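Below is one structure, written out as C-alpha cells; comments come after it.
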Amino acid sequence: MAHVGGLWLHGCLALAVLVSLVHSQHVFMAPQQALSLLQRARRANSGFFEEMRKGNLERECVEEQCSREEAYEALESPSETDAFWAKYTACESVRKSREKLVECLEGNCAEGLGMNYRGNISVTRSGIECQLWRSRYPHKPEVNSTMYPGADLRENFCRNPDGSITGPWCYTTSPTVRREACSIPVCGQGRVTAELIPRSGGSTVNVSPPLETCVPERGRQYQGRLAVTSHGSPCLAWGSSQAKALSKDQDFNPAVPLVENFCRNPDGDQEGAWCYVAGQPGDFEYCDLDYCEEPVDEEVGDALGENADAAIEGRTTADDFQPFFNEKTFGAGEADCGLRPLFEKSSLEDKTEKELFESYIEGRIVEGSDAEIGLAPWQVMIFRKSPQELLCGASLISDRWVLTAAHCLLYPPWDKNFTENDLLVRIGKHSRTRYERNIEKISMLEKIYIHPRYNWRENLDRDIALLKLRKPITFSDYIHPVCLPDKETATKLLRAGYKGRVTGWGNLKETWTTSASEVQPSVLQVVNLPIVERLVCKASTRIRITDNMFCAGYKPDEGKRGDACEGDSGGPFVMKSPFNNRWYQMGIVSWGEGCDRDGKYGFYTHVFRLKKWMQKVIDRFGG
C-alpha cells in the first residue's frame, strides 16, 4: 500500500506542476515534455478492477466480449452499468489487447476521441480553468449529466460526452471562451489530444492582481495629474462653464482642490476618482486608478469597536433617518422607505425577522419557504415581453426607479442584450405566474442605465443597473420602496455572521430536469442567510473577488442550508436595522457556482459601494 500511495502522490505533484506551467503567460511545454508530466505511473494492481470488480465482470467483458445485459448482471447497478458501458464502447477499438483495454478502461489516457477519459485534468489547452459541469456560470451548458448519464461529468474535469472530434473538453471559467479542448495524453502514444497553446494577452481568470503601489481611500486624497477617463475621454476643466453647471448643488468636500482637469474624488465616491466629460451619456466618467482594497465590513471595528453587539442589543432610541437623494430627480418614497405597510406600519413582525435580530446579537431560493403576503413590498419581477417569461428579480427604491443586476440585462455569453422595449416590470406580486388583479402593477421602462465599468468579461464586478420607469408607480400595502444604506448602516450591519434576507421566484433546487413544475415555486420565496467572512469568500472560488462584492450562505459544518438560485438574480439582499426598524438593501443577487453547494456561497453586489454612481445617474437623468 505504501508503494501505491507513493505513486498516487507522485501523480498529484506532477499534475500540480502542469497546472502551474499552463497558467504562465510565458512558459509552454513541447508535446513530449507535457506528455511526460501528464502520463501517470501504473499502479501495482488494476485500479479499474479494484473499484469495479463485481460478479464476473473481468472474465465477461475483458477476457471475452460482453453485452450490456451481461455487464448489468455483473454490476447489479443501472448507474454503474451506464458509466461502465460508456467507457467500454469508447474502448471498442482496443478490445483485442487485454493490456490496452484495461489501460483504456482505467481512463487516465484518451483512446480514439477520448470518450473513455476519466482523469482529473481540469484546465484547457490554453490554460483556462474549467467550469463546473453542474454550474451555469459563466456559461449555460448545453451538455449535462442528464443527457449523458454515463459520461462521468464530475466536478470540472475534462470529458468528451458528445464525441467532439477535438477530444476531451470543458466549458471554461472565462466568459469570453465558451468551451475549449483539453490536452490529454493519448493511450500508448507519445502525443496529446490537443497541443498546448498560449492565450494572447494571457488569462485574467483566477489570477489575483499584482502587488503594486495602490491609491488609498478610493482616491479621496488623490493629487495626481491623470486627466483621461477609463473610456479614454478627456476630462473637462473643473473651472469650465459646463463643469460648473454640473457641479451646482453638489456636496463636494471643500478640502479637495479641483485643479485644472485632473481626476478627483470631491464627493467621496466609493468608485474612486472621476471627472466631467463632454456630452452624453452621463457627463461624467471614472478614472482608471489602482485602488487599495478597503472592504466596508473591515471598517466596522473602527466604527463600533468591541461594543458593536452591545450597541445593537442596548439600543434605546431610533436613529434619525436622513434622505440621501434629491426628490426632484429620485421621486417619492425615500422618506418612508423600508417601513412595510403590513408589518412595521402595523406594529407587526413577520415570521422570521426575529432570526435576523438574533444573529446581530449572537454573532435562487434553495431551502427557503413561502413568503408572507406583503413581506417584501419592494420586490420587483423583470418580465420579458416575447417570449413571455420571468427574467430576473429587482427592487423598488422609489416611485420612479428600480434597482437590479447588470447581468440580467447585458450578458453576451447568454446572448443577453435587452433594451427598454424588450422588458416590463411587475411590482407588488406574490404569485409567480398568476396575474394578481388589483394588487400588482405593471410598468413600462423609459431607460436602462448599466454601470459603465460593469465587468462581464471576467467576474461580474459592478453588477448593477438602474431602471427608470416610464411613469411613477403608486404605493400600496403591497408596493413600497426599500432603503439604500449609508456608510453608518453598512458598517453596523455588514458583519460576518449577521443575517440578511433574500427573496425571489427562482428555482427551488439545482437540477437539469425539463419539468419546470418540479423546480419553480408558485409564490415568492424567502430565505435568511448569514454574511460570510471575506477570506472565506475568496477561498471558496477561483474567480477574482473585488471589494464591490460580498458573499453569504451557510458553511458545510453549520447544519443549515439555503442559497439564491437561477431566477433570483437581480433581487435584493436586505437587512433590518435594529436602530430605526427600517429595511435596507445591502446587496443585489449577482452570481454563484451552482445552487446551495457545500463550500460554495452566493455572491452579491455591494450596494453601498456603488451608491454614489447611482446618485450621479439619478441626478443627471431623473428630471
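For all residues, glycine too, the Cβ spot is worked out from N, Cα and C.
Note that this is a predicted model, so its numbers are computed, not measured.
Of the candidates ASN144, ASN206, Swiss-Prot records N-linked glycosylation site for ASN144; the remaining residues carry no such annotation there, which does not rule it out for them.
Swiss-Prot lists a disulfide bond between CYS109 and one candidate from CYS170, CYS182, CYS187; that candidate is CYS187. Within the group of recorded positions (ASN120, ASN144, SER569), the Cβ with the highest number of other Cβ atoms inside 10 Å belongs to SER569.
Neighbour counts of Cβ atoms within 10 Å were taken for the recorded positions GLU69, GLU70, GLU73, ASP463; the minimum is at GLU69. If you take the C-beta of HIS407 (active site, charge relay system) and look for same-chain residues 6 or more apart in sequence within under 8 angstroms, you find LYS416, TRP456, LEU460, ASP463, SER569, GLY570, SER590, TRP591.
When the recorded positions CYS61, GLU76, ASN120, CYS170, CYS235 are ranked by how far their Cα is from the Cα of CYS287 (disulfide bond), CYS235 comes first.
Close to CYS91 (disulfide bond) in the fold, though at least 6 residues off in sequence, lie LEU101, CYS104, LEU105, GLU111, ASN116, each with a CB less than 8 Å from its CB. Following the DSSP three-state reduction, the secondary structure of CYS551 (disulfide bond) is strand. Looking at GLU76 (4-carboxyglutamate) and ASN144 (N-linked glycosylation site), their Cα atoms lie 24 Å from each other. Of all the disulfide-bonded residues listed here (CYS61, CYS158, CYS292), it is CYS292 whose C-beta has the fewest other C-beta atoms within 10 angstroms.
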